[in-house]
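Annotated features, as they stand in TrEMBL:
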{"type": "COMPBIAS", "residues": "461-473", "note": "compositional bias 'Polar residues'"}
{"type": "DOMAIN", "residues": "98-340", "note": "domain 'ABC transporter'"}
{"type": "REGION", "residues": "459-478", "note": "region 'Disordered'"}
{"type": "TRANSMEM", "residues": "507-526", "note": "transmembrane segment"}
{"type": "TRANSMEM", "residues": "538-559", "note": "transmembrane segment"}
{"type": "TRANSMEM", "residues": "580-602", "note": "transmembrane segment"}
{"type": "TRANSMEM", "residues": "614-638", "note": "transmembrane segment"}
{"type": "TRANSMEM", "residues": "645-665", "note": "transmembrane segment"}
{"type": "TRANSMEM", "residues": "731-753", "note": "transmembrane segment"}
Amino acid sequence: MPLYTTKTWRVAVSASTGAHCVPAAVHGKVGACDVAGGVRGKEGDSAGNLVWVTRTSKGMCLLCSLQELNNHIVTTQSKADSTSVHFPAEQRQHLGPLKPVELVFSGVSVTVNRRRILRDVSGVVRPGELLAVMGPSGCGKTTLLNALSGRCRLDSGSIRLNRECLNKKWKRRICYVLQQDIFFTDLTLRQTLEYAARLRLPDSMSYTQKMQHVDHIIDVLDLESCQDTIIGDYLERGLSGGEKKRANIACELLTNPSLMLLDEPTSGLDSHAAYSLMSNLKNYAETSGKTVVVTVHQPSSQIFHMFDKLLLLCNGQTAYFGAVNKVVDFFNGIGLSVMPHYNPADFILEQVKGSDELRERIISASRQARNQPDYPQELLPDFVPNSICDNKYMYQESRLQSNGHISSSRCPSCPPVHISCAHAHAHAGNPQRPSLCVSSVTEKQSVYTAVVREDEGRSLWTDNQSHGSTSSSGDDELSWPTSFWTQFKVLSQRNFQEARPRMLSKLNWIQTVGLGVLAGLLWFQLERKEEALHDIQGWMFFSTTYWMLFAHFGALSSFPPEREVINKERLSGAYRLSAYYLAKMVGELPLTMTLPAVYHVISYPMLGFHSPSVFLTLLAFLLLNTIVAQSVGFFVGASCMDMQVSITISALYTLATQLFGGYLATNISPWLKWLQYLSMVHYAYQNMQIVEFSEGSPIMCAPQSKFEICANQTSIPVEEILKVQGANLPLWANTLVLLLFLLVFRVLGYVVLRYFRRPK
Ligand SMILES: Nc1ncnc2c1ncn2[C@@H]1O[C@H](COP(=O)(O)OP(=O)(O)OP(=O)(O)O)[C@@H](O)[C@H]1O
């Protein structure tokens, strides 16, 4: 699919329509815009001026260099660059409006477990910039990223994105690539990306478009060769460390995020892979106007010079914040000179790992640097953030009317904004009808202004220093990328695919068939007489308890790794918990039922087959019991964060359930008897007896029968068999209780995940 085309553009100027861009010649596919949004032009714009990209209603791609507007002619070429992440226009329009993000964090202090980790850390990253956070191990880099992504509470300070405080809407939009690679280990890389695309790309994109997008990301991150390899873990080898890292980034890149936070993306990579990854990110930031923050340990000098800005941390405090190319001057200024040919990254890290006195000197020099004129004004103590306007509407939108005037819809309490088209080089030879305008600066702060051309009805963003977003739409920003139905469908498929190798593993098959045959042989063709009654009951009790334990502990052990993945996905706002929960139940249902059914098919006919209806009803109760046990296991697994605790609780519950099931102990003291009503096995076992002994040939009395009724008749009715065990509920009541168990534990599991174990 050709994503990259070479285009030549002219600016047509006429008295009636003013200046606008027209394609002078188009080679390749029309509409395949390959630069996302307005960017500070690099390619084809040697002057480094703003390049505008927009789409007309006819789907044409317009690129104009503002600098050249006055010259009436623009030639912009965007050449193929396989390392850049570009989104084809027809896909990009589905990914939502392009929203460059300016990240400002000021005076951030964080305490974790009563230990102060970060103190008064500040910084600004603008769209198109790559900020590196560096510092010795344990200095607080990850904690800072956690704070910037809204995953930990600030003691003081603020985090603003496009001048809005970090809120739920932004948290969902931030892409945070964690240091650990959290995936379903049995899925291949391609399957992982496909599911992520189907879940996180909007419903307005077709399946084919989503898959094309996956292909593109795989191509960009050079993952073709390993796309069909499983992710793997320490038990089963899969992707290499570097491939996992890139897979992690690929999953996040799918949604075309405006702000990316990456924790140690180069750790575990060789120098070439690290360089290639960082140049991808650099390109991504530059060409797509993205804001990227990475933490790095010890970058090579090549990588170091790729960064635009550096935040150097030392014991949780800022040791340097500013342009990378000025860090050497900063250290020179305090008498610490880098030796020639020495990697500046190594040098500065050595300094911040030096003596206490040296570190104090660096930190205090960094504090003094705040008085320098080039220090970002947003970080100055007297900067008034959004106290004048409320956070939401610091951004404002203006409309360019057909008469050439600009109408501004700013909030009443905003300071006056002077929109200066001259300032924006946008006269285009016709002052009455400027094509594009940018905001100017008020006394204290620049205000983000998007100017909408009435004839195109489309917002463009700009600012002479930084970029604002198109208007934030509040609540709809919190809506999910896909419908409940899509989420349910995709998650069910993923659950099925992910759980199948685990639940239907070769070992589980061997265990099931082996036990089925063994149980069949042990209780082979039992006669229907009192002497064999205990054995028939033994088969039933063994079957119900075995599958209870199998399902309960299966659910218990599989949930902790799954919790990691769903927490990560929930934090990124990928889907509703309810969709996941329902999908988990439905997706795993066929797998949960397969092995007990196989066991039943093998062992029951060996025991003695009466009728298909008995066979099927017994199977139904065995399966119901298994599903109930699975729900209890899932509930315990979801509630307990500590595996040891959950195993202890489960062992206690399942063993008590067996003891009170009605087979092992029949003369239970009255004060303990109530416990049998909490035993799910009790109900399933009773029902199996009711079904088995109600149909077919009756159970014949023994010559020395222990049943009183045998004094008057030759066979034992089912009621008498159950009475011995102290059970008196009918079939329907036992079934109802089992269904209630199922419902209650499923609902409890959901409530725990929704309210008590929310990812933070
Ligand atoms: N939950 C926690 N409880 C106690 N201490 C914590 C916790 N989380 C982090 N810390 C401490 O905070 C400090 C900073 O941790 P952080 O993970 O942010 O460092 P880092 O700079 O990312 O380190 P590295 O480069 O080794 O990954 C460390 O000393 C760590 O032990």
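The backbone N, Cα and C atoms fix where each Cβ goes, and this holds for glycine too.
Predicted automatically and left uncurated, TrEMBL annotations should be read as such.
The transmembrane segment (614-638) shares the most Cβ pairs under 8 Å with 538-559, out of the stretches 507-526, 538-559, 645-665, 731-753. With respect to Cβ pairs under 8 Å, the transmembrane segment (645-665) is most closely packed against 538-559, considering the stretches 507-526, 538-559, 731-753. In this chain, the transmembrane segment (538-559) lies close to the transmembrane segment (507-526): three or more C-beta pairs between them fall below 8 angstroms, excluding pairs fewer than 6 positions apart.
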